[in-house]
Amino acid sequence: MKNSDIIVLDFGSQYTQLIARRLREQGVYTEILPFNAKISQIKEKNPKGLILSGGPASVYAKDAYFPNDEIFNLNLPILGICYGMQLIAYHFGASVTPTNKKEYGKSNLKFVSENALLKDTKDGQIVWMSHSDKVENLPDGFKTIAVSENSPFCAFCDEKRKIYALQFHPEVAHSECGDKILKNFAKYICDCESTWNMGNFAKIKCEEIKKQVGKDRVLCAVSGGVDSSVVAALLAHCIKENLIVVFVDNGLLRTDEAKQVEQTFKLKLGVELISIDASELFLGRLKGITDPEEKRKIIGKTFIEVFEREAKKHQNVKYLAQGTLYTDIIESSVVGSSKTIKSHHNVGGLPKDMKFKLIEPLKEIFKDEVRKLGTELGLSPDLVYRHPFPGPGLAIRILGEITPEKLCVLRKADVILRDELKSSGWYNKTWQAFCVLLNVNSVGVMGDNRTYENAVCIRVVDASDGMTASFSRLPYDLLENISRRIINEVDGINRVVYDISSKPPATIEWE
């Protein structure tokens, strides 16, 4: 991939990925590295600027996170945000202490002096704070450029060395002029150009794939979802003669999904599709398994075995292509001070001894960028904007052991949910919608009889890239219709609940 324009060093903030997304939206290619990335790793990317993210630690604490001091000797512009701001102050000799006046939420930013970072933004603008420490004094060579009610050094800089620091979070939507501030840093302080777009990405990625693959053949695993469909379309665009597209029915799909996948690829994409029914194999291996991580790893391992068996039927198949996204990489790895959230079946769930080399064309981009790429490649809107569906399928939407009976119940409930959302016009307004079969029975009354049956949870969320999400504020009448239909039409369910958790702290999927 191309060199990074901006590198974000991640100190564990829940907003780190937003920084990269906001800059990419402005055409500036941005990557995230761990806070303790080696200097050689940073130099290899040849960035034009660095951003130090926020984080949960305190710079004066024993467990504080510090980057390699050499980052300050690279002669690159640096922007510190929240923890990153305090780290800059601390590194250059200022005092950072706990504050009695913590700032969480909205605050007003008052300008003190003119500067390139805040140029053409509004004095008195609303900014988003989230800190319990304060900078007591400025290091030598720095000047205050803005204050807030409780932060006398809310923004400061050393313009000569192009080091800037903000106590607030410009990357979050609540910061009124945040996008403009990040743009000022990237374009006017770092001299980045707006060259990042999906058209350029497709051209660069095609050249990389052609060079990597040569005369070998590629097995492309598809599920019918957005990610794998875009991968298949991209590969068909550049190595169609060497491409084998395989769809595996693992028995964990939604109602009629296998038929829809076949129609999508043959009729809409014009790609020959090999369909394999491996449902008995998958369900047999998942029998008795209740741990979600074990489910994911069994599914990942079994997928690879099926693909390897299929590859033996064809000559020269050396590569496996799949729709791994940047979000999958982030959630499946330790980034900065963050912990692994969960293994994705196509990241942490893959066996180490598999015989394929991997091709993951989308692993550097976010979900919203995948949709733009799909549009660039000519895919239809109904395919590009369909809701995400996880690789492990319904296995991670059934808590506890997976059985054919539970799958049947969940499929029926899921059909009703999607039907009601589409008929009411809400389906395309939401990011993702699905049912979760809880491993919980509850007492109910139907007619004059006591029931003791399954509870189903409805999960509907709004998001732009899947890194963060909030629950959808569906109308009560719609929720009532969904609940009534599921209870009346699906045997074995007597209770429906609605998940009102956001991400974070919850993930979108339950497992």
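Numbering starts at 1 and runs along the chain as it is shown here.
Heads up, the Cβ atoms here are built off N, Cα and C, so glycines get one too.
The domain 'Glutamine amidotransferase type-1' feature in Swiss-Prot is assigned to 5-195.
The feature active site, nucleophile is assigned by Swiss-Prot to C82. The DSSP secondary structure for C82 (active site, nucleophile) is coil.
With a 10 A radius on its CB, H169 (active site) counts 24 other CB atoms from all the protein chains. The active site annotation in Swiss-Prot covers H169 (among others), and the record cites sequence analysis as its basis.
A simple way to gauge crowding: the CB of E171 (active site) has 26 other CB atoms within 10 angstroms, across all the protein chains here. As annotated by Swiss-Prot, active site applies to E171 (among others).
What Swiss-Prot records for 196-386 is domain 'GMPS ATP-PPase'.
Per Swiss-Prot, ATP binding site is recorded for S223, G224, G225, V226, D227, S228, S229. Summarising the environment of S223 (ATP binding site), the number of other Cβ atoms within 10 Å of its Cβ, over all protein chains shown, is 21.
Of all the binding-site residues listed (S228, S229), S228 has the fewest other CB atoms within 10 A of its CB. Sequence-distant neighbours of V226 (ATP binding site) (same chain, six or more apart, CB under 8 Å from its CB) are G323, K367, V370, R371, G374, L383, V384, Y385, R386, P388, listed in sequence order. When the recorded positions E171, S223, G225, D227, S228, S229 are screened for a C-alpha within 10 angstroms of the C-alpha of C82 (active site, nucleophile), no residue qualifies. Separating the Cα atoms of S228 (ATP binding site) and H169 (active site) is a whole-number distance of 34 Å.
Per-site Cβ counts within 10 Å over the binding-site residues G224, G225 peak at G224. On the 0 to 100 pLDDT scale, the model's mean across the domain 'Glutamine amidotransferase type-1' (5-195) is 92.
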